[in-house]
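Data block below; observations after.
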Amino acid sequence: MAAASSLANQCCHLGQGQWSCVHCTLLFSFLKTFSATMTVVIGFEGSANKIGVGIIRDGEVLSNPRRTYITPPGQGFMPSDTARHHRAVILTVLKEALEQAGLKPADIDCVAYTKGPGMGAPLVTVALVARTVAQLWGKPLLGVNHCIGHIEMGRLITKANNPTVLYVSGGNTQVIAYSERRYRIFGETIDIAVGNCLDRFARVIKISNDPSPGYNIEQMAKKGSQYVELPYTVKGMDVSFSGILSYIEEAAHKMLSSDQCTAEDLCFSLQETVFSMLVEITERAMAHCGSQEVLIVGGVGCNLRLQEMMGVMCKERGAKLFATDERFCIDNGAMIAQAGWEMFKSGQVTELEDSWITQRYRTDEVEVTWRD
């Protein structure tokens, strides 16, 4: 309202700071109405080793701080230890989110949290905080599907219209397209996710987990020059990564000890193989849907080599590629806030007695009430 008053003073020329002309009165009325209809949603994300709190106001990211639980090289993150990390920092991150947004609890319209899928103990930690905050602040609560959070954040940031979505992360690998109020899964991994495959190989060759094993594999792969042939496992619209992982784990010990290749060569070969598989099933889904857009979301979606390979395929088809950077493709609170904003605006809320979590929460289980 201060901005509206300033504009009015410039318009009136009366120097009295009063709403003295018709233009100023109309401007004040418009801004008051506009401000009253803006919806602010805060989102809590903590399904894996990232804990984040983000605030969205009608498509604008007001804040999005997060923390990452990082383990020593060669080690993964255990659910109980990850939950302990989240409990230690979540209130600090919440305070940061409000301060960065310049908002108070009274300014929030809805509290959204990740319902699943994800790791049980971290999910419970975040859900408990979100439930408590919603009750303390007297705000409605919304449980959000983590995968849909990624999709809606990608759509918001890139402005993609109706893309075929490749969702790739440490816990999920899916090719998705929207149809009749559902995000339909056209293909997925039948065992482990692509991000999990990369992370577990990073442990084998003792790559640092800071800032993430996948990122460090990507940097090492840029220095690789020799391609080591690996199993290529596409089964219809689905992919399998467990066999590739087992093969390269065994090959790594033999080939590295005998100097047949370098660790950089293995990182390069693994990326080229698994990303080729992902591009293949994405292109097949595009052909089936008649789609001319691809949106890559999820933590692995930050990988520039994956984006490059997908871009080549899209160019050959006359299609467009949409992708984001690490601010929005890696797990974050704003993506939960954005999906929650869409859900809340369409009339959805989660009653307190229904605000549980689930480690297995399929993308296609959610009715997409906010899209035509």
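A Cβ is built for glycine as well, from the same backbone N, Cα and C atoms used for every other residue.
The domain 'Gcp-like' annotation in TrEMBL covers 66-337.
Annotated divalent metal cation binding site per TrEMBL: His146, His150, Tyr167, Asp331, in sequence order. Within the same chain, residues at least six positions away from Asp331 (divalent metal cation binding site) with a Cβ under 8 Å of its Cβ are Glu45, Ser47, Ala48, Lys50, Gly52, Arg66, His146, Ser169, Gly299.
Its own atom aside, the Cβ of Tyr167 (divalent metal cation binding site) has 26 Cβ atoms within 10 angstroms in the protein chains shown. According to TrEMBL, the feature substrate binding site maps to Tyr167, Val168, Ser169, Gly170, Gly171, Asp199, Gly214, Glu218, Asn303.
Working note on the binding-site residues His146, His150: by count of other C-beta atoms within 10 Å of each C-beta, His150 ranks first. The residues near the divalent metal cation site, meaning same-chain residues not in His146, His150, Tyr167, Asp331 whose C-beta sits within 8 angstroms of the mean position of the site's C-beta atoms, are Ser47, Cys147, Gly149, Ile151, Ser169, Asn172, Val297, Gly298, Gly299, Met335, in sequence order. In this entry, Tyr167, Val168, Ser169, Gly170, Gly171, Asp199, Gly214, Glu218, Asn303 make up the residues listed for substrate, with the farthest two CA atoms of the set 18 Å from each other.
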